[in-house]
Amino acid sequence: MELDLALDREEGALQASEIGDLLDETVWLQQLEHWLQIVCGDESLDCPTLVRSAEELSLGLRFIDDATIADLNSTWRQKTGPTDVLSFAALDDAGDWMEGPSIELGDIVVSLETARRQAQEQGHSLQQELRWLVSHGLLHLLGWDHPDEKSLATMLALQERLLGDG
């Protein structure tokens, strides 16, 4: 399976010295392809059949600032203030997915400023926090959700597995 990644970054949210490989498109492409192979390759995990069988998947990954994500959070979730990650699935109902060689998954939007704060609060690197947030967003694009504590625990366990596998 091949991934077509559209990466957009507002580098102004980070100092030049902080960026390094954090916002490198090739690094994120390899990481996302690896995570998709894990989820799609394990029949015990929920993943839309059309995604499992697709020759090509496509998604957008956007790194932005708190002001921009706060606007999106207000518009799409009717919540005030910034959040860490938002996912916009191309299709929420698996029955609506169109068959074809390429499947559009949707977009993952991450606030670099919130990610930096959370990394500092958790005592780990910004890279680790970004990987956590992007993996969480990816699972949402694949249909995972956490309306209750049990489903949240299951989703977080899968995130830990993804991060542990590279």
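Every residue gets a Cβ built from N, Cα and C, even glycine.
Copied over from Swiss-Prot:
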BINDING   HIS136, HIS140, HIS146  Zn(2+) binding site
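The structure, with features from Swiss-Prot marked on it.
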| residue | record | Cβ within 10 Å |
| --- | --- | --- |
| HIS136 | Zn(2+) binding site | 21 |
| HIS140 | Zn(2+) binding site | 20 |
| HIS146 | Zn(2+) binding site | 15 |
Zn(2+) site, defined by HIS136, HIS140, HIS146: further same-chain residues with Cβ within 8 Å of the Cβ centre: SER87, GLY137, LEU139, TRP144, ASP145, MET155
